[in-house]
Amino acid sequence: MVSVQCENPCGPITGLVLMFIHAFAGRALHWALDMGPMQVLGNLRNFLPVIMPPDARPLPILGGVHHRRGFPEVPFLMDLPPATMWAELSPPLKPWAVVPHLGEIPYWAGNKVLVSSRQACVSHCSPVDLVTDLDFSPFDDFLLATGSADRTVKLWRLPAPGQALPSVPGLVLGPEPVQVEVLQFHPAADGVLVSAAGTAVKVWDVAKQQALTELAAHADLVQGAVWSWDGALVGTMCKDKQLRIFDPRAKPGASQSTEAHKNSKDGRLAWTGTQEHLVSTGFNQMREREVKLWDTRHFSSALTSLSLDTSPRSVLPLLDSDSGLLILAGKGESQLYCYDVAPQQPALSPVTQCILENVLRGAALVPRRALAVMGCEVLRVLQLSDTAIVPVSYHVPRKAVEFHEDLFPDTAGCVPASDPHAWWAGSNQQVRKVSLHPAHRPYPSFTSCLVPPAEPSPDAAPPAATPPAETPVGDADPSEGFSSPLSSLTSPSTPSSLGPSLSSTSGIGTSPSQRSLQSLLGPSSKFRHAQGTVLHRDSHITNLKGLNLTTPGESDGFCANRLRVAVPLLSSGGQVAVLELQKPGRLPDTALPTLQNGAAVMDLAWDPFDPHRLAVGGEDARIRLWRVPPEGLQEMLTTPEAVLTGHTEKIYSLRFHPLAADVLASSSYDLTIRIWDLQAGAEQLRLQGHRDQIFSLAWSPDGQHLATVCKDGYLRVYEPRGGPEPVQEGPGPEGARGARVVWVCDGHCLLVSGFDSRSERQLLLYPTEALAGGPLAVLGLDVAPSTLLPSYDPDTSLVLLTGKGDTRVFLYELLPEAPFFLECNSFTSPDPHKGFILLPKTECDVREVEFARCLRLRQTSLEPVAFRLPRVRKEFFQDDVFPDTAVSWEPVLSASAWLGGANGQPRLISLQPPGMTPAAKCHGGQAREPGRPTPPGLL
């Protein structure tokens, strides 16, 4: 099984010395900056001979050695000779600085452009005033346009080796009434440029130094102006919240306009590979960052939208039009999001999330002609930090070292299709495409006549000879120079330093219609477009007061069954409030009737076979069993139904047996696990072998085994009826901050959520038959203090993961074989939740294709969240989504039978509502996916 892998060689290109040990060929590189609505473009050329001596061995910066855990080593941490390093940059990079052009390393710091020549010297070009935006020609690698606070646009010709740096620009456009904020070269015509200054947007004929037209109708500051991929249209984002589309050759007014985002904060635009679709980023009314996909043919509303999180930092969209992959970069943050833009569905599907080692100050897409195509590298992002440039590579591992045409369609070349006169007269001729096959290199070059190259000085010394670079290093074997092959670990979420990533969907294609990654990379989850929605306020329970939000990390914080919710309160005596789910609304301001536990609550759990019985573990090492009246808690209860004593230290967690009635497992600070017969009110079995705090325990689906994850760094599996010692042990998460374990994939695997040695949250998938060999796969997610709490649905193999205090719920489909993790759309809330649990499957609204119903505990309310799958033919029963489910509310065995060695299986029932026809039996319905048969219903 193949995967998309993201590699972020974290560490260090550090200090003020930038090393870039890779050969590039290509054209525009897009930098996004901390300088207002600015997008900087630069070029990359094959300059490996410049920074490496002839006898130096090329060190591919993109490959990387991956351990089983998925941590990449840094291939460029070596004792390199001084000749391999670039000049030290002075002054150092500021938070708002950028390296826009790595061929000659100019970078903007205030009003200076620092350029490191091929001889590693540093020189200065001064464009008079503060630089506000800059862009390299998509055709001429040496032609640079800059906008500055002196209200002009300047064109510069960067010098070839042996030539002096320019002291004056080759051309000047303007001045404008206010400073120029945005500029961009035309994608097809050499000498056409769009600029924005204040409310004015102009299209320039650069050669004639005059404006062809001025685009009207902007009522406020223009935040962005971008050409469509074919150069026919211009899209603008304005502080008046409007997204406008212009056909500059038809009329100066906007041909279309709509409200893009509810908030006027910084908005950005990016066109897809079609003239009809574009992506915008901005903020909504709740100050959440959001992304929207637009169709210019239906412009009144967005095709689809995606809310990210609440952050004051703007989102920079970097869209690769050939593959349909969208990178979302937040300035000042430490992660990159990758989405697949699929206008035909329409959808913005998550592909991967990459954790960065350093804070991001800018992000750039390397042009496709610079990719290591023989290593199946489909995307490369360069991250700008305060002191370094870090490449992040996305590639599809293939066994055969050959050119894969399905991954690399022809891309735009670097020879312009027309000139300003022809384009303004109506020509829509497009840039000729070139093949990415290495055999078709080198690509033809182009030198613009806008600023002619300077003649070399007769007194100038000839440039130092450099070895030819006929074969770009980018097409070398990506694993060359490393001691072990790339990891086969596949996962859809956070590769970076945490491990590689499998795409659930993507859009890499060989035609404008963009074949999806599903045909290239194998299976993707049918739940990838799942939508989590908070249900109507009428179903909420509000006015909650005095919640205990400091329950131990081993506890979910609250528990629920199909009838009730039990929530610990902060008041003394370990009080527990019991709320009726069938009676939503505002709770009275007066005190609620509670269960007086008598000791601080450590964990609590409802009996799955008796919805009126609640087990509460206390700080006093006792387990109290409470019985709630069928009509609900009407008065305070002070006397439990039973008290279980035996533990000598406070309780960790409680877990009822999944099949046998009256069987409860508990873990404690005394480092034991005890199994109780509730009918007899006594301890029957005791498990030992833990050397430190027991983070979590879980019963296997058949109830024959018990798994634990411990602070001593081990994952253990017990057969409780066979003996007190574990039957298997294996390495658990490296971090000691907390962990959870749950049985998945029909009991064939164990999923553990925990932390790595750097306190980054991760998921580990283990085979239950071979724990000692370590995890099958490791998936890194993000950096957060709380342990991820997994809620697993065995019917769909979906796991929902979130932590206390989080705002995001991750959703993955789990597989026992590669690619192991299939990422689905996550659910994001505007404020942190204090707990998040999964309700029984019978609570789902099957007619609305609702496959999961959860409860979200907030500071003062409890609200249901429904996860639904978009389906066109919802009048049919979607039997591929709803297989027969286990009757989890009826016991299979008694406690005595199970303790005596008996085993059993739950009976299954169909979730098909009366009157609905299965989609698989209807012409045109949603057919069941192969390989996932419905289990037989045993009514």
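Just so it is clear, glycine is given a Cβ too, placed from its N, Cα and C backbone atoms.
Segment annotation: TrEMBL labels region 'Disordered' over residues 912-939 (candidates 716-743, 912-939). DSSP labels the residues of the repeat 'WD' (644-686) in these numbers: 0 helix, 24 strand, 19 coil. Per DSSP, the secondary structure of the domain 'DUF1899' (520-585) breaks down as 5 helix, 22 strand, 39 coil.
Averaged over the repeat 'WD' (644-686), the predicted model reaches a pLDDT of 94.
Assigned with DSSP, the residues of the repeat 'WD' (687-719) fall into helix, strand and coil as follows: 0 helix, 17 strand, 16 coil. Same-chain neighbours of the repeat 'WD' (687-719): 553-554, 652-653, 655, 657-660, 665, 667-669, 671-675, 725-734, 736, 738-743, 746-747, 750, 752, 754, 766, 768, 771, 787, 794, 893, 898, 903, 905, counting only residues six or more beyond its ends whose CB sits under 8 Å from a CB of the stretch. Residue counts for the repeat 'WD' (131-158) under DSSP, split into helix (H, G, I), strand (E, B) and coil, are 0 helix, 17 strand, 11 coil.
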